[in-house]
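In TrEMBL this protein carries:
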type   : residues : note
DOMAIN : 1-114    : domain 'C2'
DOMAIN : 123-248  : domain 'C2'
DOMAIN : 278-498  : domain 'VWFA'
Amino acid sequence: MAGCVSRVELSVSCRSLLDRDVGSRSDPLCVLLQDVGGGQWAELDRTERIKNCQDPEFCKKLVVDYYFEKVQKLKFGVYDIDNKSFDLNDDDYLGGIECTLGQVVSSSMFTRPLELKQGKPAGKGTITISAEEIKDTRVVCLEIEAQNLDKKDFLGKSDPFLEFYKQSDAGTWQLVYRSEVIKNNLNPCWRKFSVPLQTFCGGDFNKPIKVQLSEILFVVISNPISDVSYHVEFECIHPEKKQKKKSYKNSGIIRIKSCKIETEYSFLDYVMGGCQINFTVGVDFTGSNGDPRSPDSLHYISPDGINEYLIAIWSVGSVVQDYDTDKLFPAFGFGAQVPPSWQVSHEFALNFNPSNPYCQGIQGIVDAYRQILPQIRLYGPTNFSPIINHVARFAAHSAQQGTASQYFILLIITDGEITDLDQTRQAIVNASKLPMSVIIVGVGEADFKAMEFLDGDNGVLRSPAGEPAARDIVQFVPFRQFKNAPREALSQMVLAEVPKQLVSYYKWQGWAPVKPPEIKKM
C-alpha cells in the first residue's frame with residue numbers, strides 16, 4: 001500500500017452562525033471527524049473556541065493525512081461552547097457539513113451551507129474550508145566533480161562514488177545520498193542530482209555535511225548550500241595516510257561545480273493550483289466475456305445489480321470524480337458489433353452519442369453501461385490501441401497549451417485477451433510523452449501476462465521498434481485479488497501511482513502549477 005502522499009492543514013471560517021446564547025453571541029468551535037467505516041466517525045482535530053462571534057475565522061489549523069487513492073469522508077461540526085468540558089454532547093450544535101477531502105483540496109475555497117441535519121439548514125450559516133500542504137517544497141541540486149584522486153585499485157585506477165551524510169541532532173551521521181560509480185577514473189564528474197532540502201540538511205543551511213568518497217576518503221565540510229555563489233573546493237583526506245606521512249597533503253580535491261535551490265512541486269500543488277483530472281472509461285465487450293444473459297458471463301448483472309465491471313467503475317470513479325469540476329465523463333466500449341450496421345467497433349460511445357459521449361457523473365456511466373448491454377453483440381477482437389489513442393488526442397491538445405491545467409486518466413476494464421499488443425505498445429509509448437495515465441483492471445480468471453507486460457514494472461516498456469516509454473504510465477491490477485477485499489481496496493491499489501505519474505510528467509516538462517503555491521519565508 002502506498003504511504004501517505006502528504007499532510008494538509010485546513011483553514012476554517014464561518015459566516016452567519018446561529019445565535020444560541022442569551023444576552024451575547026455564540027462562542028463557536030469547529031471539530032473535524034473522519035469516517036472510519038461502519039457508520040462510525042473518529043475525531044481528528046478541533047479548532048480553538050472564539051468568544052462572542054457569529055463570523056469566526058479560526059486560527060488553529062486542522063491537520064489531516066491525505067491519500068489521493070482513498071475517498072476520505074470528513075465531517076465538520078460547529079458547536080457553541082459554554083463550558084470547559086472536552087465532551088461536545090452538552091454543547092449547542094450550530095451546524096455541520098459532510099464532504100470528502102478530495103473535494104476540499106481540489107477547490108481553492110470550499111464553501112457550503114451549514115445544516116443542523118440532512119436537508120435542514122442552520123439558518124444562513126456557511127462554512128468555508130481551504131487546504132494547504134504541510135511541507136518544504138525546495139530541493140538542492142548539486143553537480144560535483146573530483147580531481148587528482150589517489151589510485152585505489154592495485155591494477156587499475158579507482159572506481160569512485162560519493163556519499164553524503166547529514167548530522168542528526170544527536171550528532172550521528174545519516175546517509176542522505178549515494179552517487180553512481182564511475183569506473184577507472186581519477187578525475188570523475190558525477191551526474192547532476194537533486195535531494196529534498198528537508199532530507200539533505202533538515203532545511204538548515206548551517207548544518208555540516210559529511211562527504212565520503214569510495215568508502216575511504218572523506219571530508220567534513222560546511223553545508224555547500226550555505227554559500228552557492230561560487231565554486232567551492234574541498235580536500236579529500238585519507239585518515240591513515242595522514243597519520244603515517246608527515247608530507248601528506250591530500251588524496252584529491254572535490255569541487256562543487258554548481259549548487260542551486262529549486263522548488264519541487266507536489267501532486268497537491270498541481271491540484272490546488274488548478275489542474276483538472278479528466279476521467280475516461282473503456283469497457284471490453286468482446287465475446288470472450290460470455291453472453292451477458294448467462295450467469296457465467298463477466299457482464300452478467302447479478303440480482304443485487306452489480307458485476308466486476310460495475311464495481312471497478314464505481315471504485316475508481318468515486319475517487320477521481322472529486323477532481324473534475326463538471327463531472328462529465330466520456331465512456332466507451334470496444335470489441336462489439338453495434339447497431340444499426342452491426343459493424344465491429346473498437347471505440348463506441350456507451351450512450352450511443354459519438355458527438356457527445358459524456359455521462360453525467362459515475363452514476364451516468366453505470367446507467368449507460370446497463371442500457372447498452374442488451375443492445376449490442378459481444379464480438380471481437382480485443383483492441384486497446386484505438387481508445388488509448390482517442391484519449392491521447394485530447395491529452396496532446398492539452399499539452400499544446402503548455403500549462404499544467406489538464407491531466408487524463410483512462411480506465412480500461414478487460415477480460416485480458418488482448419489482440420493488438422504491438423499497436424498498444426506503440427500507443428502507450430506515444431502516450432507516455434503526454435499528460436495521461438492508463439489504468440487496466442483485469443476481470444475474470446484469464447492469463448494476464450500481456451497486461452503485466454504493458455505495466456512495465458519489470459523493466460521499461462518499449463515500442464515494437466525499440467523506443468522506450470518516456471515514463472511509466474500504466475498500472476495493471478487483476479480484479480480477482482480484490483474479490484473478498486473491501487471495495488475501496490481496489491481503488492487504493494490502482495490509483496496509488498497516479499500522483500507520482502502526474503508530477504513526473506509536469507516535472508519532465510518543467511511546468512509549474514497554473515497557480516503556484518505562495519513561498520513562505522523560512
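Residue numbers in this text run from 1 along the chain shown.
Including glycine, each Cβ sits where the backbone N, Cα and C put it.
The model shown is predicted, which means the values in this text are computed figures rather than measured ones.
Taking H, G and I as helix, E and B as strand and the rest as coil, DSSP gives the domain 'C2' (123-248) the counts 14 helix, 53 strand, 59 coil.
Mean model confidence for the domain 'C2' (1-114) is a pLDDT of 88. Note on the domain 'C2' (1-114): DSSP counts are 5 helix, 55 strand, 54 coil.
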